[in-house]
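Trainee: Quick one: the structure is below, questions incoming.
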């Protein structure tokens, strides 16, 4: 039992560390993605000023308007979110994989099992870390070139205190439904494609290093997860950043379905893919970095033998 507890703690720590290290590199792209997704919210194309253009020009605009450090806005809650979300998500998934539940009798990953376990672990991690993602989104939306509602937060702690003052513990999980759905979809696709692709590459007998195999499998996973997550990513940004009334209800969107209908009706289907290039450029490197770091840490930190 003690060995199982150590194993669970180890897997959660490795998963959280992998995600938070990747976040340091990809957070500027997350800031750009958030601004692009909020630009022209519920306005038809051409009816709003476009402060933010392509990804590089968006980052340059942010730096000019708010200073160079603004491209790392929301880094603290972003890293904390990765520690909690990926600590639970990757840690729980690896424990299930270690138990053999995601594999067949010959030890090969079974795609549908990877999808189911990836979704379940993602839902758990996404829900637990939802308050941190909410604060991260609101901080990244704040700018002198404002897009979306401005919450005027001074930092992570102020964001948590502000949420608590609006309704206690329950208010901390505003918008958690869409976040849970977002991570469920992304996690199921990411972990399933990574596990299956890595096994296929290993079975192919390629004379390449394990690190290169992990990198190639991560690239395939990144393409899949970007395609699947973009609409939910946009909707989660909108729902998290909206203002809320005294009763705790959103003043713009009542939930995931309401947000979907309103965005498509006013902005068209393309509204769901606002900032899609920023989403890809952020999710791609983040997926590759987090999965490669995760796999390498598991290789470099072998499980300790149980005490005698």
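Any Cβ shown, glycine's included, is placed from N, Cα and C.
When I checked TrEMBL for this same protein, it listed these features:
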REPEAT    6-99  repeat 'Solcar'
REPEAT    109-200  repeat 'Solcar'
TRANSMEM  110-135  transmembrane segment
REPEAT    209-300  repeat 'Solcar'
Trainee: With DSSP helix as H/G/I and strand as E/B, how many residues of the repeat 'Solcar' (109-200) fall in helix, strand and coil?
Mentor: 71 helix, 1 strand, 20 coil
Trainee: Go ahead and report the DSSP secondary structure tallies for the repeat 'Solcar' (209-300): helix first, then strand, then coil.
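Mentor: Residue counts for the repeat 'Solcar' (209-300) by secondary structure: 74 helix, 2 strand, 16 coil.
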